[in-house]
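Asks: Structure below; questions to follow.
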Amino acid sequence: MVGGTMRKVLQSLALVVTFGTIVPMPVVGRVYYHALRRSMGFFPVVGWGLGLLLWGLMWAGKHFVAHFPAAVVTLALYVLMTGALHLDGLADTFDALGSRRSGPEALAVMKDSRIGTMGAVAVILVLMGKAIAFSHLPVYDFGVWVVVPVLARTSVVWLMMEVPAARPEGLGTLYAGQLSKWTLAGATVVGVLTTVGLLPWRQALELLILSTGVTLLWGLLICRRFGGATGDTYGALLEIVEWVGFLTLTGGWGFGR
């Protein structure tokens, strides 16, 4: 029984790392839909790995160049590690939102592989915000680099759990409303414990409230405009939560300022 449980854990970790990064992982055992859904409970763990990578790159970079060039290089490598998957979702989603259409017509715009003005602007703003935040975040505190990627991926798991799929095919149908409560609980525990364990209580509270609020508003928006969630809207939410989170930790945003 212990061996079977460990096999499932290893399989889930391998699947979610493959899903969220370009890192090739050997998958243990045969893969079924329920295994893919179960693996999302470990999605915040991917945030841990990527957050430590961000911190390590910035810590090393500051010894060779100024903070902003180091931030740009770190951000470029971060995007590379994720295969720009989430940025692609951000661009497609904002092209659909910018079309001022709804329902199937908006989904058709989202599915178009060509990037439009709104999508390009959204990507530029997110990358600019992250680069600025990276150049201001303290490199001596790894916690601020880890918490945001973890919370962003926790938010995606919540969106998967609570928002139905917008169309009968695609990535959204695999996850939307299909996750178990245990999967959601696992992701939530990792997200909350990471946040309260690595940040001062006030910063932790701010980020938990902001990420929850952004996820709720995003869910309402995509339900109204698209009728539910798609794979692109998952990536877009991840990028938005990271953008808000990193800028908040620079001290520019937050309560009481």
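Numbers here mean position along the shown chain, with the first residue as 1.
Using the three backbone atoms N, Cα and C, a Cβ is placed for every residue, glycine included.
Reproduced below are the annotations present in TrEMBL:
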TRANSMEM  12-33  transmembrane segment
TRANSMEM  40-60  transmembrane segment
TRANSMEM  66-94  transmembrane segment
TRANSMEM  115-136  transmembrane segment
TRANSMEM  142-161  transmembrane segment
TRANSMEM  182-201  transmembrane segment
TRANSMEM  207-223  transmembrane segment
TRANSMEM  235-255  transmembrane segment
Asks: Please determine whether the transmembrane segment (115-136) and the transmembrane segment (207-223) are in contact (criterion: at least three Cβ-Cβ distances under 8 Å, sequence separation 6 or more).
Replies: no
Asks: Any contact between the transmembrane segment (66-94) and the transmembrane segment (182-201)? By contact I mean 3+ C-beta pairs closer than 8 Å, pairs at least 6 apart along the chain.
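Replies: Result for the transmembrane segment (66-94) with the transmembrane segment (182-201) is no.
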Asks: For the transmembrane segment (182-201) against the transmembrane segment (40-60), do we get 3 or more Cβ-Cβ pairs below 8 Å once near-sequence pairs (under 6 apart) are dropped?
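Replies: Contact between the transmembrane segment (40-60) and the transmembrane segment (182-201): present, because at least 3 Cβ pairs are under 8 Å.
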Asks: Among the recorded stretches 40-60, 142-161, 207-223, which has the greatest number of Cβ pairs closer than 8 Å to the transmembrane segment (235-255)?
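Replies: It is 142-161 that shares the most Cβ pairs under 8 Å with the transmembrane segment (235-255).
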Asks: State the residues, same chain only, that lie 6 or more residues beyond the ends of the transmembrane segment (207-223) and have a CB under 8 A from a CB inside it; answer 'none' if no residue qualifies.
Replies: 93, 97, 147-148, 151-152, 154-155, 158-159, 162-164, 166, 192, 195, 199, 229-230, 233, 236-237, 240-241, 244-245, 248-249
Asks: For the transmembrane segment (142-161), give me same-chain residues lying six or more residues beyond its boundaries with a C-beta closer than 8 angstroms to one of its C-beta atoms, as numbers and ranges.
Replies: 20, 40-41, 43-44, 46-48, 50-52, 54-55, 58, 175-179, 183-184, 187-188, 190-192, 194-195, 198-199, 204, 207-208, 211-212, 214-215, 218-219, 229, 233-234, 237-239, 241-242, 245-246, 249
